[in-house]
Amino acid sequence: MDINKLINMFAKLPNFGPSSSRRIVLHLLRNKEEVMLPLASGIQDLAFQTKECSVCFNIDVKSPCSICSDTKRDHQLLCIVEELGDLWAFEKGKIYQGVYHVLGGTLSAIYGIGPDQLNLDNIVERIKKFDIKEVIIGIGNTMDGQVTTHYITQIVKGLGIKITRLACGIPMGGEIDYLDEGTLSAALSSRYVIS
């Protein structure tokens, strides 16, 4: 493979531009045995071993994932998050013991993302099937996040369950993946009912 092709592949990753991609490739080339080969092997293993959870859309080595399969978790408490990074932020902080539903993004008129492009179609069915008592909307406080929250509230509110949203700690325009554990913990504990 051409070195420039590898640099361009890294540049397609989030938060990597041409300069940082070039530095990474140079580091890999200088450290083939200790870094490059184990990294390549790890990426290949992940590509073949991971799968999307059939229940919550998490990524794991099994489906249903280890979170959905955990009998110690509160399966009547469902936190709807925008992306996998948000789920991982909650898990890293060890502040939430319910289960999740990963949307895969937010509704966005600007980017043409409608309900059909997100994991929204089975939320009502899941709430009924698993006797969920509370839905926590754990979506960032962006404009698209607010639109998505409103949409979810509309499709869930007739089910007679508690619907809450994360409160203090999330600034306007803020995204959950960028919050520290303390801020995320405060937001989770001070959530409020929206329907």
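Cβ from N, Cα, C; glycine included.
So that you can see what the record holds, here are the features copied from Swiss-Prot:
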- 76-171: domain 'Toprim' (DOMAIN)
- 53-68: zinc finger (ZN_FING)
Check your understanding: What average pLDDT is reported by the model for the zinc finger (53-68)?
Key -> 97
Study note, to complete from the structure: Across the zinc finger (53-68), DSSP yields 3 helix, 2 strand, 11 coil
Check your understanding: For the domain 'Toprim' (76-171), what does DSSP give as the number of helix, strand and coil residues?
Key -> 37 helix, 22 strand, 37 coil
